[in-house]
């Protein structure tokens, strides 16, 4: 991977021929960076604001609204927040910065980035794509649920405010009377759920239509690549903040809001001694930033080379955390109000009862909080249809912005590495959405909610942790953390703190390996279970997955993780040579930059830096490479601003 010296040709004909050989003629003629390799210019963000909104929209998702508040309460309130911030600083930000820097400099998707460092690591990118596909399948179902609830919010009174009456017996429906109006509406009207995963039942026609609408929204927003999705981001990324602020202002005026906030922040420092708390905090940091999906790399690959990605990493991480805190404030003021209105005990005891009830519901950190507890509280608000519509419109936008990033983590690597797909971006997007819809029909049958839980628990967690472990090891030890910082220094024109070397090599790597071990041990010693709805008793029960379901969830983990060892094995069997380029596949550009002995090398200089110091050969991961790399003529600094539109 050692880069050759600049061609010795005064007329530049050899250089022009070389650019033609690497499919960069069109980029050269139009003044484009051409870093993606295909003949067409690589798309770019129209402004820095678009890029920041895209990264924030992807990282800030539904988990900030319904998982973080639950974890915050369950694991010590303010103590959990301090632990979360600590892990965010020493693990989350460094890994986030690493992915941003790699994608921005190489200007490739996840497959191209890891193939660039070594052909044996190409499987990391394919695993990222596979996980993104699994996540997209069930994540769009949650968007479909939000569409269903938003459509039903245009009624007064709200359909989940009261239990329905049986027309035959003229009495309240027993299933609703045994539970609550919101639980009945969720399990019976929205999901029409079966009693176990073994009872598949027929398809839910209304939810199938909502899923089709959700995939249509995603397809329309992404049909022109980042050019179309970026414009949608202006609304989908900003609107949730407006709604959260409105809810916070309205909730702060409710009776019981102050007690709810106190209950949220009450610190329990003794909780730090429990390993489970550290595991949950690390997992939340990991998923909150979207590490390992490849979406962060894909988004940053459309940036100009000298963009300050270090500042972006700190800014996006900070916004993500502040959003989680804002969402937690909203949740707890609403829960405080709910507790004050439905309990006859003290407010603290009521909140404790509510949170313990949440523990019975498996979806507390997700659907249980949004579609049961929050809907019940909003039914007590004056003008409840307005607030309900606003809430589910917020969930819809949060889900869509994350979904755009997830799909980008699939499409960008494929288009970058396969020429045929790169030439038919629109067709690839449409076909991917159609395929996602038909596979997603699995989640619209009566047992579909159980499969959503399965995919959420097992299709992403372990494979993503494995991917990030390999990413960190590749950069920190195979390529070298110091060398990586050298390349980043050339890209940013200043050197990030040396502490990143130690964090990548030791803290981040050991932390991710520990998280992987904890997750594996938890699966081994605790048989996987799911929470089923019993329509007879109107309550939820915990059931063990049947044998076929265990095989299915095992296959989800294996299929998502398998590309990593397969890619390494295939490359090893070929003797460590670069993987041959398949038909339609684009070899990542490795000769876009040439290392020179000075800023202005002599025309007839044939000497490579390797000739001067053969004991320290330097293969570059980032195309900018070492201190004296300079841009080839097709990407001079004077042209960069015109190329990217930034």
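Placement of Cβ uses the backbone N, Cα and C atoms for every residue, glycine included.
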For which of the residue intervals 342-361, 362-381, 482-501, 582-601 does TrEMBL record transmembrane segment?
342-361
Out of 19-44, 123-148, which range is noted as transmembrane segment by TrEMBL?
123-148
Compared by Cα position, which of the binding-site residues 60, 64, 398 is the closest one to residue 320 (Na(+) 2 binding site)?
60
For the transmembrane segment (206-226), the candidate among 81-102, 123-148, 314-336, 464-481 having the most Cβ pairs under 8 Å is 123-148
For the transmembrane segment (314-336), give me same-chain residues lying six or more residues beyond its boundaries with a C-beta closer than 8 angstroms to one of its C-beta atoms, as numbers and ranges.
52, 55-56, 59-60, 64-66, 68-69, 72-73, 81, 84-85, 88, 92-93, 96-97, 241, 244-245, 247-248, 251-252, 254, 256-261, 263-264, 288-289, 347, 351, 354, 369, 373-374, 377-378
In sequence order, which same-chain residues at least six apart have a C-beta under 8 angstroms from residue 398 (Na(+) 1 binding site)?
60, 61, 62, 64, 65, 236, 240
Taking 3+ C-beta pairs under 8 angstroms (sequence gap of 6 or more) as contact, is the transmembrane segment (123-148) in contact with the transmembrane segment (426-444)?
yes
Of the stretches 81-102, 238-261, 390-414, 426-444, which racks up the most C-beta pairs under 8 Å with the transmembrane segment (502-525)?
81-102
Six or more residues beyond either end and a Cβ under 8 Å away: which residues meet both conditions relative to the transmembrane segment (426-444)?
133, 136-138, 140-141, 144, 203-204, 207-208, 211-212, 215-216, 218-219, 222-225, 407, 410-411, 414-415, 451-452
